[in-house]
Structure formats: C-alpha cells, structure tokens
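K.L.:
Here you go, one structure.
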Amino acid sequence: SNTRVEETMKTLNVGKEDLLMWSIRQQCEVGEELIDRWGSDSDDCFRDNEGRGQWVKGKELVKRQNNNHFAHHTCNKSWRCGISTSKMYSKLECQDDTDECQVYILDAEGNPINVTVDTVLHRDGVSMILKQKSTFTTRQIKAACLLIKDDKNNPESVTREHCLIDNDIYDLSKNTWNCKFNRCIKRKVEHRVKKRPPTWRHNVRAKYTEGDTATKGDLMHIQEELMYENDLLKMNIELMHAHINKLNNMLHDLIVSVAKVDERLIGNLMNNSVSSTFLSDDTFLLMPCTNPPAHTSNCYNNSIYKEGRWVANTDSSQCIDFSNYKELAIDDDVEIL
C-alpha cells in the first residue's frame, strides 16, 4: 500500500547573523510555500529546508489536506516565523570575597538562562539573543542604620543592623552582600551604626539619688534615648509601609488576572453595573449592564445567573421563578455570653 499520510514539523535554529538582520529589517525569513505538489514535483518538499528567500513580518503554518492526484505522491509545505523584542527579567549578584558583580538573565520561572549579546539561546522553538549587554552602576550613599537587640538586657541576645535605604529595610548584620533582584548592598566595615544609649536597669544601682535635681547630662541622656526610640519607630513604620506596598501590588496583580475571567469584577469593585473587556494586558473597555429585578428569577432578558455570573442564555427551561422566596436565617439560635 502506498496511500499513507505523513506529517512532520521541524524547528530551525536561527543563527546570530540572521537574528541581527531580522532585528534590522523587522521581518523574518522563510522558504517558499508549496501547495499540492505531485508526482516528481513532490520531491520539492525535501529541498530548501533552510528557510530562505521570503521576507515577511510574520507568518503562521497553514495545514492543507488536499490530494487531487490519486495514486501519485503529493506534498504541501508551510512555514511559520515571527520576530519580537521583549524585556527579560534580570538579577544582580555579587561575590562576598571579591566584590565582583554580575547580571543574570532569568526566565519566567526565575531560573538563570545563558543568553548574551554573543551567544544565541535556542529554547522551546525560539531563538533569542541580547540586543544590548546588561550593565550596572555602583554608588555610595549614607543610610540611617540602627543596632537592634532582641533582648537588650541579655548580652547573648542576637544583634541586628537594620538600615533604611530608598524606603526599604535591609538587614546588614553581616559584612556580606545583600541582594534583592536588581540591587545589591553592602555596608562598609569602617562605618558605624547608631547604638541604643545605655539606660537605667532595675538590677543596677541608680547613678543619682531619687528626688535630686536632674543634671544637664541626665537630660542629654534622656534626649538621646528619645531620639533613638523615634528613629526606631520611623524605621518600623517604613518597614510596615514596605509590606503594605507589597501586598497592594500583589492584590493589584490578582485583581487584573481574575478580571480577565470575570468581566463583572472591576464593576463590582467600583460599585458600578459595568462589564469589562480587556483590549490588552493593562487596557480594558467598560460597558454598562442592566440591573435585573432582585429576588424574582434567575433569568432576565436573554441572560441567566449561572455559576455566580450573568451569562447569555437561549434555553428558557433553565429559568426558575422564585418571586415567593423565604429568607432563611442560620444564626437565630446563636447566643453570645
């Protein structure tokens, strides 16, 4: 029998020179589209597998199943290509012993990938190269740092050095690099951290007699203690703000993600009867919605309330009239002492 159908698909890796040319022309190069080649011409499908000669802005595969020449070999050949420029996640890391730093390019899962301006990375059917080498800058800044002990009455207690830098709190207790994605910070050894002034303790004899007039030194000591407590309070407030901002960003991303599935979510959050349709990742269109009468039916016009949302409905047999509903309270017997 010679009537079988064979379908194959092959991914071609694009070299550095070709990628650079694609970037300049903003087009990608493919081979000739072959349609219904039969007989000896069907051998054309096995030639020219380099994908040359046709420049396009983008192209998708076209699957064909035509066979108009019975008992003859026939073939179809199609190409797919595309070109785009996108930003990649990056992470800065520094070595503690040499103080040398390097920028790593990350994939969507946060794993480092080997893509540079000189090396093409072929991954998941995509060939990619960096258009520009990643760089970083260094600077020296003065930061407000406090020496904090978990238990100031215990000399063995853990001591931490917290520093406020650009509205973020960094723990610089160890003389090592503290890296957070695109930023690495290290405290200079010779720099000093503000310590808590020595305070009176219940197990230490008082330095003055109760009832005596406070000296200038006593007042200066109290002033230093208050200044330290004020700095500590401001640092804790900044730390709280950082956590709140992080939660706000997470909530924003969550709402945007869910709103692409639930078109009424944004309207409900705005307390408006509108439906949202996303035009891009961060742009959406709002359209007014009608408000059905409450507590009458699960259907209204050509819509039905199903799985927590109003959706289109053409089957009237699913509509239920519950205008004579009865409210049910489940906590009537609950007593609070």
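Every residue, even glycine, has its Cβ placed from backbone N, Cα and C.
Since the structure is predicted, the reported quantities are computational estimates derived from the model, not experimental observations.
The N-linked glycosylation site feature in Swiss-Prot is assigned to Asn76, Asn114, Asn271, Asn301.
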K.L.:
By Cβ count within 10 Å, point out the most packed of the glycosylation sites listed: Asn76, Asn114, Asn271, Asn301.
P.N.:
Asn76
K.L.:
Which whole-number value in Å describes the distance between the Cα atoms of Asn76 (N-linked glycosylation site) and Asn114 (N-linked glycosylation site)?
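P.N.:
Distance (Cα to Cα, whole Å): 36 Å.
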